[in-house]
Amino acid sequence: MKTLLLTLVVVTIVCLDLGYTRKCLNTPLPLIYKTCPIGQDRCIKMTIKKLPSKYDVIRGCIDICPKSSADVEVLCCDTNKCNK
């Protein structure tokens, strides 16, 4: 009985995320993401217009979402891997 209880505790610890962590995409590839540091609990996707048909996209974690401008479109979100 003790072995079963210990096994359940270990499985619970392994399967559950014991701390709050946000996971955000940080590359254009959909399967590559990083765990955000403490305090950065939002995901961001910034599209920077360089030339009429060329764009840079930056993805990652952020604490405060900046405002968009004429040359930069900013999208912030609050769920895991939401910055596609």
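Even glycines carry a Cβ here, placed using N, Cα and C.
Looking at Cys65, Cys82, the record from Swiss-Prot puts Cys76 in a disulfide bond with Cys65. Noted from Swiss-Prot: Cys61 is disulfide-bonded to Cys36, selected from Cys15, Cys36. In the disulfide annotation of Swiss-Prot, Cys43 is paired with Cys24 out of the candidates Cys15, Cys24. Mapped onto three states, the DSSP output places Cys36 (disulfide bond) in coil. Proximity to Cys65 (disulfide bond), defined by a C-alpha to C-alpha distance within 10 angstroms, is shown by none of the disulfide-bonded residues Cys24, Cys36, Cys82.
Of all Cβ atoms in the shown protein chains, 27 besides its own fall within 10 Å of the Cβ of Cys43 (disulfide bond). In space, Cys43 is the closest of the disulfide-bonded residues Cys24, Cys43, Cys61 to Cys77 (disulfide bond), judged by Cα positions.
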